[in-house]
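For 7-27, 30-50, 68-88, 95-115, 144-164, 194-214, 232-252, 274-294, the entry in Swiss-Prot reads transmembrane segment, with the evidence type sequence analysis.
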Amino acid sequence: MLSLAQLESWFFIAPALLLAVLSGYLAERVGIINIAINGGMVFGGLFMALLSYGFTNNLNQSAPSWSLFITIPLSVLFSSVIGCLFALAAVKLRADHVIVGTGINLLASGITLFISQNAASLFSDTTLRVRYLFPIQTTVSIEAIGVFVFSLLLIGFVWYLMSFTKTGLRYRAVGENPNVIDTQGISVYKYQWIGAICSMMVAGLSGSLFVLSVSNFPFNSGDVNGLGFIAIAIMIISMWRIIPSIFIGLIFAYAYVFTNSQIGSNSNSYLLRTIPFIISLLVMLLFGFLNVAPKNIGKHFDKGLR
């Protein structure tokens, strides 16, 4: 069982992981391979950390919880810029999707490390950190529950949109057979741009929630503990379906929080960190034969093949 502090962390980690899976879903359903989820999360966490400094007057203060209604939306908005870069390279310039995703991951880590190493001169702080600190309570905080419920509602809305609307049908068809969509006079490129941008915005939201789970602790590693790569594994295991990904994601989030809680009291801390990734690999090996990825994933749209 999880302690109260671990449960509080789970209420932030679980939505972050589920939204990271949704980020991959949104891109790959329009045929764009998205291994940039981790980088998108790092950018979201970076924006969240930088914005949190705007609500503190000195190093002994934490940002007020009401400012989350400002910093989280702004983090998502700034992440749309990363989405535009992703779409520009993958759709407009027709670059290899895997290389583009790798580039975004490296860029995110590099920028975060650079800012963290210069935190003393930029923020008069010892290191880059998220300036939110939720007081210890006898129950899970309202902020954590609110984030969890909002994330589930957002995922439910996307599921309904993709499953029961004309827009969702067209969206998914772009990743299966874009030429059929093109013959109907519908812009394939428009849907791919929307998919890439929304994917990075959701990844940014995921990253901002992740750093809240480690609030007021250093965010100087240039990474989100590889949570974006676990999200890719969950997306594959759930066969690019939203509902199965929710249940699988909640289980993985529990395993992630539990193993991390044991790191401080165990000499084999580095080995414990690998457990979520080992589980991901084993499950992928066991259920890899069920791979039902979108048929046009990773392929650039060509009008000449109509």
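Placement of Cβ uses the backbone N, Cα and C atoms for every residue, glycine included.
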Stretch-level contact, the transmembrane segment (7-27) and the transmembrane segment (95-115), CB cutoff 8 A, at least 3 pairs: no
Contacting positions for the transmembrane segment (232-252) when only residues 6+ beyond its ends and CB under 8 Å are counted: 14, 17-18, 21-22, 24-25, 28-29, 34-35, 37, 152, 155, 158-159, 162, 276, 279-281, 283-284, 287-288, 290-294
Non-local residues, at least 6 beyond the ends, that sit with Cβ under 8 Å of the transmembrane segment (144-164): 8, 11-12, 14-15, 18-19, 22, 25-26, 29, 134, 171-172, 209, 212, 242-243, 246
Residue numbers, six or more beyond the limits of the transmembrane segment (30-50), whose CB comes under 8 Å of its CB atoms: 16, 20, 23-24, 71-72, 74-76, 78-79, 82-83, 86, 90-91, 97-98, 100-102, 104-109, 111-112, 115, 128-131, 171, 174-175, 178, 191-192, 194-196, 199-200, 202-208, 210-212, 219, 222-224, 226-229, 231-232, 294, 296-299, 301
